[in-house]
Amino acid sequence: MFERFTEKAIKVIMLAQEEARRLGHNFVGTEQILLGLVGEGTGIAAQVLKSMNVNLKDARVEVEKIIGRGSGFVAVEIPFTPRAKRVLELSLEEARQLGHNYIGTEHLLMGLVREGEGVAARVLENLAVDVSSIRAEVIQMLGENAEANVSGSNTTQARSKTPTLEEFGSNLTQMAMEGGLDPVVGRQKEIERVIQILGRRTKNNPVLIGEPGVGKTAIAEGLAQRIANRDVPSILEDKLVITLDVGLLVAGTKYRGEFEERLKRIMDEIKSADNVILVIDEVHTLIGAGAAEGAIDAANLLKPALARGELQCIGATTLEEYRKHIEKDPALERRFQPVVVGEPSVEETIEILFGLRDRYEKHHQLTMSDGALAAAAKYANQYISDRFLPDKAIDLIDEAGSRVRLLNSQLPPAARELDKELRAVLKTKDEAIRAQKYETAEQYRAREMEIKAQIAAIAQSKKNEPDLNLEDPVVTEDDIAEIVAAWTGIPVTKLTKSESEKLMHMEETLHGRIIGQDEAVVAVSRAIRRARVGLKNPNRPIASFIFSGPTGVGKTELTKALASYFFGSEASMIRLDMSEYMERHTVSKLIGSPPGYVGYSEGGYLTEAVRKKPYTVILFDEIEKAHPDIFNLLLQILEDGRLTDAKGRTIDFKNTLLIMTSNIGSKVIEKGGGSLGFELSEDQTESQYTRVRSLVNEELKQYFRPEFLNRLDEIIVFRQLTKDEVREIAELMLNEVFARIKQQDIQLNVTERFKQRLVEEGYNPSYGARPLRRAVMRLLEDSLAEEVLSGKIKAGDSAVVDVTNEGEVTVLLGEKLELLT
């Protein structure tokens, strides 16, 4: 029997079982079916009972009065009582009498009334419902002739010409008349073209093709609104625009032929009604829909009607799905006339947002400023690259509205505590009722009313506070910027005072980690400041540099310091060691493997990393080690801030800082100084640096192509480290060692003699600071490791590292420190 039940009727039975569980009964009687009919809320039975002033709360009270609560033990499968089974049989009989091949909520209600002797009938009687009028009311709502049916006649007169279509679709024209659709702004050209195609004699089926989120479905809604406003040619007047849900059409078709029968019925209804325009969103889902075990799919069933003009259909799909599914079937493709829906411009998007403003203000109960709407379109276009206008801009104002409303509607802490207490009181009261302790329940009810009154008083006092603005909260440009920053990680918000201070003193902060190299630190700091203030070119990366110079002078270290200071941590930097890209085929690792090769689905290392983190530093370390083809790939990144990956997606590099390090020219630097290794006057040092820089630039020109070098913002040649700078770096390295050994609860220090020895051994102008690191390892870390392992230094000790007169490194414990003085 249940296979004939509609979805709503099945929901009623499920709700009836839930009601039985709630009351602790191990059976489903007529009274539970009645509660299910009222609780379902949307069916004809619920509407009839609602019109007779029957609500779920009162019905539950009456049922509980008559049958009370059960033991509380309820089986998983709850059986029907004999009377309830009789109601189900009578509902089947009622459906047959009305000529229906399904059992709906209305038939269950008529069966319930016809049975007439169960608890349900007593409940309705107690609620002062005229039981005798229920059947007539149901039949009237069904659109039947009451007299003919009361006498048992099988003649039916359907209220609607298209019942199946209404079951599996939504009437957009009716929704437009009721004001249920969002206004459609612009798109007049596309709507006119759709009307033009619909006016054809045959093949009058437009298909809207465009990227996701450009407003394809909105065009169908715009047509429905124009029909509702009678702003269409006479050929389209009184037409119904109905959107078909293909998923719902396929759902529940258990047996072969059921799907075809549904679709055939819909086509027959459309043909006989002769005033229906069918809208199928995601029209590519027709291909293969319902085609199980050799059955014909929906597309093949629709083809004849589409070609002959019997069926006016508006399809909507994306460019990719159209190419993948519909273009592969030329017979289906020729029946549809494509209408390309392009992405609107920023100005058009702002107009669309102004048109939608009222709907979103009403929903969120606030006001949206003009600046916020303009900012939403501008920021969405500039910073959110993998989606399309106007959808991404609408999402921004929607989420900003939600955020502002939530921030303005938070309860005071006192009210939150009371709310928590109220929930506990309600729970205890319910438990007391179940245990039939009515006196205790009454006490808890009194407490419940008291708490509710207190919460209401707090809410009222909050409203009456004079310092609060009684007007609706306003969504501003800053709120939109906050949402963009949360989505993308790109700071779009206005600069705060603390952030301005941070940017102004950026050089000093970076110099805490990078000794010397003023030119590089200043160039990087300027680029970051330009970008954050919003003065950089919006179509190029923040900046692009080549750091060239001898090894070990801080090229990579500066990039790490920048990532750590400004982007959160060193891990936030995208680092590509170009020595891994020496072969030609490794280019594909950056942008993804081509189709047909292993790893195609995974995407490229570079492109995927930037998609996830669009605001970051990208370090191409040791750039000269890479294969020359890599440089060709970098050309469009440097110039236009974009790169297309193997899947054809455009990746946005406009908010990245590109740094390439190179050792080209290190030999020139080593030889070019002439008197290197000797102390030079400041003028001599500067003239020597200028000469070295020009020599390095010449060598770079020999190695890289001119079009590559010409696209870079700056080529920075790092200086060789002086002895004083090496001494400062030694201090930094020693502090790192002190911090590491402090974790083992050992206090460490070194003497000036040891520092001097460290600098002497670690200073080599040709190799930068790396020999110093080796010297720290050899002279300090090795000595300490031996002392710790031998047990001479233990947790809680203090130690000093010194150098003896013979030049040997020695570690002295705390009690021997006076020997140093």
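For all residues, glycine too, the Cβ spot is worked out from N, Cα and C.
Features of the protein shown, as given by Swiss-Prot:
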{"type": "DOMAIN", "residues": "2-144", "note": "domain 'Clp R'"}
{"type": "REGION", "residues": "5-70", "note": "region 'Repeat 1'"}
{"type": "REGION", "residues": "80-144", "note": "region 'Repeat 2'"}
{"type": "BINDING", "residues": "210-217, 549-556", "note": "ATP binding site"}
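The number of other CB atoms found within 10 A of the CB of Thr551 (ATP binding site), across every protein chain shown, is 16. The binding-site residues Lys216, Lys555 differ in how many other CB atoms lie within 10 Å of their CB, and the one with the most is Lys555. Other C-beta atoms found within 10 angstroms of the C-beta of Pro212 (ATP binding site) number 13, with every protein chain shown included. With a cut-off of 8 Å between CB atoms and residues at least 6 apart in sequence, the same chain places Val341, Gly342, Glu343, Pro344, Phe388, Leu389, Pro390, Asp391 near Val214 (ATP binding site), listed in sequence order. Secondary structure of the region 'Repeat 2' (80-144) per DSSP, as helix, strand and coil residue counts: 46 helix, 2 strand, 17 coil. Reduced to three states, the DSSP call for Pro212 (ATP binding site) is coil. Averaged over the region 'Repeat 1' (5-70), the predicted model has a pLDDT of 80. Secondary structure counts, DSSP: the region 'Repeat 1' (5-70) has 47 helix, 2 strand, 17 coil. Each of the binding-site residues Gly210, Gly549 was scored by the other Cβ atoms within 10 Å of its Cβ; the lowest score goes to Gly210. Reduced to three states, the DSSP call for Lys555 (ATP binding site) is helix. Secondary structure at Gly549 (ATP binding site), taken from DSSP and collapsed to helix, strand or coil, is coil.
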